[in-house]
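What TrEMBL annotates here:
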{"type": "TRANSMEM", "residues": "A:25-42", "note": "transmembrane segment"}
{"type": "TRANSMEM", "residues": "A:62-80", "note": "transmembrane segment"}
{"type": "TRANSMEM", "residues": "A:92-112", "note": "transmembrane segment"}
{"type": "DOMAIN", "residues": "A:114-410", "note": "domain 'NADH:quinone oxidoreductase/Mrp antiporter transmembrane'"}
{"type": "TRANSMEM", "residues": "A:118-135", "note": "transmembrane segment"}
{"type": "TRANSMEM", "residues": "A:147-171", "note": "transmembrane segment"}
{"type": "TRANSMEM", "residues": "A:191-210", "note": "transmembrane segment"}
{"type": "TRANSMEM", "residues": "A:262-284", "note": "transmembrane segment"}
{"type": "TRANSMEM", "residues": "A:291-312", "note": "transmembrane segment"}
{"type": "TRANSMEM", "residues": "A:318-339", "note": "transmembrane segment"}
{"type": "TRANSMEM", "residues": "A:360-386", "note": "transmembrane segment"}
{"type": "TRANSMEM", "residues": "A:398-423", "note": "transmembrane segment"}
{"type": "TRANSMEM", "residues": "A:435-457", "note": "transmembrane segment"}
Amino acid sequence: MNALITISVLAVLVLYLGLYKANKALLPVTLLGLAVALFFTINHWNVFTGPTFNDMMSYDNFAVAFSGITITSTMLILLLSKGYFEKISDHVAEYYSIILFSLAGILVMVSYHNMTMLFIGIEIMSVSLYILAGIRKQDFASNEAALKYFLMGAFSTGFLLFGVALIYGAAHSFDLEAIKMHLETNLQTGQAISPLFYTGVVLMAVGMAFKVGAAPFHFWTPDVYEGSPSLITAFMSTVVKTAGFAAFLRLFATCFYPLHDFWMPVILVITIITLFAGNITALYQNNFKRMLAWSSISHAGYMLFAIVSLGSEASYGVFVYAIAYSAASIIAFAGLVLMQANTGSDSFDSFNGLGRKNPFLAFTLTVAMLSLAGIPLTAGFIGKFIMFSNALSSMHTWLVVLAVINAVISIFYYFRVIVAMYFKDAERAELEIPLNFKVVLAISVVATILIGIWPAFLPNVI
Amino acid sequence: MPFLGKSLVAKTVALVWSLLSLAVTARMVCCFNPDVITPQFGFDYWWIYPMGIKFKAGVDGISLLMVLLTNFLVPVIILATFKHTYKNAAAFYALILFMQSGMLVVFTALDAFLFYVGWEAALIPIYFICALWGGENRIRVNLKFFIYTMAGSLLMLIAIIYLAMQTPGKMYDIDAIYALDLDPQTQGWIFWAFFVAFAIKMPVFPFHTWQPDTYSSAPTAGTMLLSGIMLKMGVYGVIRWLIPVAPLGFAHWGQTAIVLSIIGIVYASLIAFTQKNSKRLIAYSSIAHVGLISAGIFAWNVQGLQGAMIQMLSHGINVIGLFFVCDIILDRLNTDKLEDLGGIAKNAPKFAIAFFVVLMGSVALPGTNGFIGEFLLLMGVYQYNLYAGIIAGLTIIFGAVYMLRMFQKMMLGVSNERTLVFKDISGSEYAVFVLIGILVIGIGVYPKPLMHLSEAAITNLVNVVNTKIQVVRF
C-alpha cells in the first residue's frame, strides 16, 4: 500500500516540478521515488496476513513479486529516457507523471482482491496509456496509434465490465474469495451454476485477452506499438504486459479455478492461435520495431501456458518468464532507440555491421535475441522451460509440441538481427552510447545471463 | 574436471589452456579404475532445487573415452590453425574453448537437464565459428544447420521434461530416469524424440542434408570440431540416453534405426563417388562412417559397442587429419576441386606420406585404427543380422575406392602449374601429422588399453538394457 501511495504522490509531485520548470530534477526525483516504492514493496515480502481495506486489496507474495518486476522495469525504461522526451515534446513533466499514474494502476492490477479494483486498476493504466501513445501530437502515426488503442481498449473494457456485471448477477459479490466460494459450494452440492456466470467468464476472458494482446484480439498491437514513441512501446510491451498477465492469472488461476474444465478449452485455443499468429507474422517483417511487436504477441502465447497448465508452479512460471522477457525486451528497445536516434531507420538493414563498430551493443543485443528465442544459458530458456514443464505435467503434450514448432520458427527472425549485426558488412559510423544506456544494458544482460545460469536465486512466489 | 573459461589472448593461450585440460584428463585416465561400472570423479550438487535439477556429472568408461577424445583433439585442432591468421582471433579461440566446455558437459552429465544445456551450449559457439569465419553461403547454410539441430533438440527437450515428470520426485537425475518403467507405446514416442535429435547431429540418413553444405562452408577448424567431436555427441547420446532410457522403444524401433543407418552408408558412399570437391567428399565419407557406427550401436551387443567406441576415437582422429590435408591444399593452392590437383606427391613427399597414413586409417587397412573399429562394428552388426552385416561391410570396399581415387587425383599423376610449386609441410603442420600418425598406427596395433577402459561399463549397460527388454518379452 505504501508503494502505491508513494507512486501516486510522486506523480503529482512530478507535475509540480514541471510547472516550476525544474526539468533537470524530473528524472532523479522520479527514480528516487520509484526506488522508495520498490523498497516498500520488498518490505511486504512474506508478511501477508490476509486481504486488507475491506478485502479490496491483497498484498500477498504474488502481488509483491509482480509489483517488484513492474517497478524495476519502469525504472530501467525511465533511465533510458534521459534526453529522449525532450526531443519529441515540450511537456516533459507530463510524460513522467503519466507513466507514474499508469504504474499506479498497474500496482492495483497485480494486487486486487475485488473485481471493482481490477476494473479501476485497468482503467487507470489504460487511460494513461491512451495519452502516452498519442503524445507526439503532430505525428500522424502516433495519433493513429492513440485512437486505435483507445477504441479497441474501450471495447475490451466494455467486455470486461459486462463480464463482471454478469458474474455479480450470478454470485452476488465482487469479492474474489466469495466468488470462488460460490463456485465451490455449488459444485459440491450439485446445484447448477447460473448461465450468467459462464457468459461472464467468457466475456472476462475476451477482455483480458484484449489487454494482453492475445490472438485473435491482437490486431491493435502492431499498429499501436509501431506508432507510439519507442520508449512508450517498451513500457507497453514489458511492464503493461506483465501486469496484464498477473491480473489474468490471479483471476483465472485462483478465482475461476473450480470451473477450469469449462474455460480451459477457450484459453487453449487462444494460446495456440496467439503462438502461430505472432510468430508467423513476425517472420515476414522487415522492420525491427514491428518484428518486436509481433514477437511480443507470440510471447503472450507462451505466458498463456501458465494459465493453461495452472499447476502450483504457474505463477512462478509467469514470474520468471516476465523477468526474462522484460529484460530482453528492454535491451532490444534500447538498441532500437539508439539506432533510430543515430540512423533514423529501424529496418533490419540498419543493424548491418554493428558487430564490428559497437561490439558491446551488438553483444547485448545478441544475448537479448538468444534469450527471446529461448536458447539455453539465457533467462528466456529457463522461462520457456518452466512453462513447458508445467504444461507437460498437466498432460498438454500436444500444446508443447506446437509451442516447440513455434520456438523453432522464432529463431529465424531473431537470428536475422544477429546475422545483420555480425555477418553483413556495411559502411557505418560508430554509434555513440550514452552512459545511462550502458548501465541499463549491462544490468539487463547480467540479469538475463544470471537467471539463465542460476535461476534458483529468484524467490519462489508460491 | 576442466570446465573452461574464455581465453583473451589468442592462439598460444588457447593452446596452453587446452593442453592443460589434456593434462588433467591424462591424470584422470591414470587414476581411473576401469573395472568399476559406476561413474567416477563425480560430483552432485543441487542446481535448481525447486525443479529437481542437479548439477551432477561423472565419468565411467564410456564417458572417459569421449572426454579423452575431446581434450586430445581440441589442442590438435588449435595447433592445426597455427598457420592461419584469423581476424578477431581472440574471439575465435574463445569460442572453440567455450564449445569444448559445452561438449565436456554433454559427455559427463548425469542429469538430463544438464545434458541438454551442454548440448545447446556446444551448438551456439560452433554456429558463430562457422558463420563468422566461414566461406561462401555461410549465412544461409549455417542458419539451416542451426535450425535443423535446434528443432531436433527441442523435441528431445520435450521428451526429457516428460520423463522427468514421470519420475517420483520430478527429478532430472539419470538414475531416476533409468529407473522408470513406462509402457511400450510411450517409450516408442520417447525413442523417436531422442532419435531425431541424435540422428540430426550424427547425421543419419535422412537427416543429413545440412551436413555437406555446413562442412564445406565452415572454416577448417569448425569442420574439424563438427566432424571430429561434435557428431560424437549424437553417438554418445544414443548410448547413454536413447537406448537405456527407452529400452522397449528401442526393442520395437531399433531395426528401423539400423535400416536407416545402413541406407545412409550405401547412399553416402555412392554420392561420395561423384564428388568433385575434396571437402565434400570427406563430408559424405563421414556420413558413411557414422552410419556404420550407428548400425553397430543399434545392434546392441558388446562387440558392436566396443567397436563404436574405438571407431569414434579413430574417426575423430582420421577425419581431422583428412580435413587438415584439405585445408593445407586449399590454403596453398586456393582450390579444393579434385580436377585442379595432381602430382603433389612429387614436390611434397612428406605431405604425401602423412596423407597416406591418415588415408589408410580411414579406409580401415589392417594395422591401423580404422580397422579395429570397423572390424568390431561389422562383427556386431553381423551378429545381429547376416545380411545387414554384408551390406554394411560394403562401406569398407566403397571407402577404399573413393578415398584412393581422391588420393590418386590429388597426389599422383602429372603436376600442373599450380601444384608444381607446392611447398612441403613444416613446423606445426608437421607436429599435427606426427601426432595423428602415431595414433593411427598405435591404436591400430595395440588397442587393448583403450578397449579395457570402456569394457566394464559397456558390458554392464548392455546387460541392464537386455534384461529390461527380456522381462517384458517373457
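Placement of Cβ uses the backbone N, Cα and C atoms for every residue, glycine included.
All TrEMBL annotations are machine predictions without curation.
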Please tell me whether the transmembrane segment (A:435-457) and the transmembrane segment (A:25-42) touch - that is, whether there are at least 3 C-beta pairs under 8 Å between them, with each pair 6 or more apart in sequence.
no
Using Cβ atoms and a strict cutoff of less than 8 Å, what residues sit near the transmembrane segment (A:191-210) while being 6 or more residues removed from its termini?
152-153, 155-167, 169-171, 183, 185, 217, 244, 247-248, 251-252, 256, 259, 262-263, 266-267, 270
Do any residues of this chain, six or more beyond the ends of the transmembrane segment (A:25-42), have a C-beta under 8 angstroms from a C-beta of it, and if so which?
2-3, 6-7, 10, 13-14, 17-18, 64, 67-68, 71-72, 74-75, 78-79, 81-82, 92-93, 96, 100
May I ask for the residues of the chain that lie six or more residues beyond the transmembrane segment (A:92-112) and have a Cβ under 8 Å from a Cβ within it?
3-4, 7-8, 10-12, 14-15, 17-19, 23, 26-27, 30, 33, 56-60, 62-63, 66-67, 70-71, 74, 78, 81, 85-86, 118, 120-126, 128-129, 131-132, 135, 176, 235, 239-240, 243-244, 246-247, 250
Short question: most Cβ pairs under 8 Å with the transmembrane segment (A:262-284), which of A:62-80, A:147-171, A:291-312, A:360-386?
A:291-312
For the transmembrane segment (A:62-80) and the transmembrane segment (A:318-339), check the count of CB pairs under 8 Å (sequence separation 6 or more) and say whether it reaches 3 or more.
yes
Do any residues, 6 or more residues outside the transmembrane segment (A:291-312), come within under 8 Å Cβ-to-Cβ of it, and if so which ones?
212-215, 218, 221-222, 225-226, 233, 237, 241, 245, 248-249, 252-253, 257, 260, 264, 267-268, 270-272, 274-275, 277-279, 281-282, 285, 318, 321-322, 325, 329, 332-333, 336, 348, 372, 383-384, 387-388, 390-391, 393-394, 396, 399, 403, 406, 410, 413-414, 416, 462
